[in-house]
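Enquirer: So that we are looking at the same thing, I have put the structure below in structure tokens.
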Amino acid sequence: MAGTSSARIVLVVVFGVLALIGSAQAQLQMNFYASSCPKAEQIVLDYVKQHIPNAPSLAASFLRMHFHDCIVRGCDASVLLNNTSGQAEKSAVPNLTLRGFDFIERVKSLLEAECPGVVSCADILTLVARDSVVTTGGPFWNVPTGRRDGVISNITEANTNIPSPFHNFTTLLTLFSNQGLNLTDLVLLSGGHTIGISHCPAVSRRLYNSTGPGGIDPTMDSEYAENLKANKCKTASDNTTILEMDPGSRKTFDLSYYSLLLKRRGLFQSDAALTTDSTSLAFINQLLTSPPQFFFDEFAKAMEKMGRVNVKTGSEGQIRKQCALVNN
């Protein structure tokens with residue numbers, strides 16, 4: 001009897017956990033605001049379409065902001081919170097060059113005017129990232145909504161969890177795996193660098209402080225490295241010069257980023273790292289030998305998956321009135 005009773009308890013616990021998981025997933029759904037704020041997604045899209053064509057580089061910024069948000073505490077808009085004594089995610093090294101916070105706040109104000117206290121900043125950031133990429137000619141992906149906003153933003157967690165331009169493949173894969181993302185997701189989401197920009201500090205050690213001739217990283221194409229030193233990062237201390245991550249094709253969401261990796265012309269050490277693993281390299285070759293739509297489709301799946309990482313739903317978190325501030 002005791003054994004039967006224990007089995008029943010286990011079954012109840014198991015099914016109870018499954019019910020909780022199911023209910024959380026059910027609350028993240030397409031057109032979550034259809035009843036509570038039916039114009040929400042159109043308001044976001046209209047604002048993006050009005051402003052992003054005049055500042056297309058913001059598409060890459062929002063893609064990066066969305067990723068940096070999801071990789072720390074899940075997709076809960078914690079990256080948008082203002083600093084309290086310099087201890088919020090905004091002060092973390094990887095986030096110091098993020099742009100577009102005011103843009104997100106303006107979208108939020110439009111939605112607050114339409115439906116006060118309904119649409120989360122986490123959903124706004126996710127939708128803006130998608131709509132910005134689409135507006136600049138990139139792939140569309142589904143954005144189920146219903147995320148709620150977090151109330152904690154921690155600089156240490158951001159510095160620890162956000163992948164660095166200097167990371168090797170093992171570290172990158174570990175950081176992705178910690179969030180339920182896999183090798184395929186790592187390769188695909190790195191493909192967002194096709195429209196990315198960076199600054200010299202992210203690559204200076206590969207140009208000036210490595211083991212090859214002239215301090216150049218031997219895993220980087222020497223002609224490419226010399227060109228960067230001559231025309232872009234002219235000194236090891238340059239902190240301001242902007243670099244294209246996909247030179248000659250930065251404004252086009254395409255496969256050229258991966259082609260450059262095979263030519264040893266990835267800008268970051270973390271870009272070059274994708275070719276050091278046989279499975280990753282095989283997938284890069286598969287992307288390059290498949291129709292471009294295959295990359296778009298696979299990128300879309302990876303983005304939707306990332307947008308589900310550790311989301312808060314139901315009664316978790318809150319719906320902030322302003323994206324930079326936790327509600328009183």
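One-based numbering along the chain as shown.
Cβ coordinates come from backbone N, Cα and C, glycine included.
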Enquirer: Do you know which of Cys233, Cys323 TrEMBL records in a disulfide with Cys121?
Expert: Cys323
Enquirer: Regarding the disulphide bond with Cys200, report which of Cys115, Cys233 TrEMBL records as its partner.
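Expert: Of the candidates Cys115, Cys233, the one TrEMBL pairs with Cys200 is Cys233.
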Enquirer: Might you list, by sequence position, any residue in that chain lying six or more from Val72 (Ca(2+) 1 binding site) with a Cβ less than 8 Å away from its Cβ?
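Expert: Listed in sequence order: Ser78, Val79, Glu89, Asn154, Glu157, Ala158, Asn161, Ile162.
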Enquirer: So among the binding-site residues Ser78, Thr194, who's got the most Cβ atoms within 10 Å?
Expert: Ser78
Enquirer: Can you tell me which of the recorded positions Cys75, Cys121, Cys233, Asp246 is spatially closest to Arg64 (site 'Transition state stabilizer')? Compare CA atoms only.
Expert: Cys75
Enquirer: For the binding-site residues Asp69, Asp76, Glu89, Asp246, Asp254, which one has the sparsest Cβ surroundings, going by other Cβ atoms within 10 Å?
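Expert: Among the binding-site residues Asp69, Asp76, Glu89, Asp246, Asp254, the lowest count of other Cβ atoms within 10 Å belongs to Asp254.
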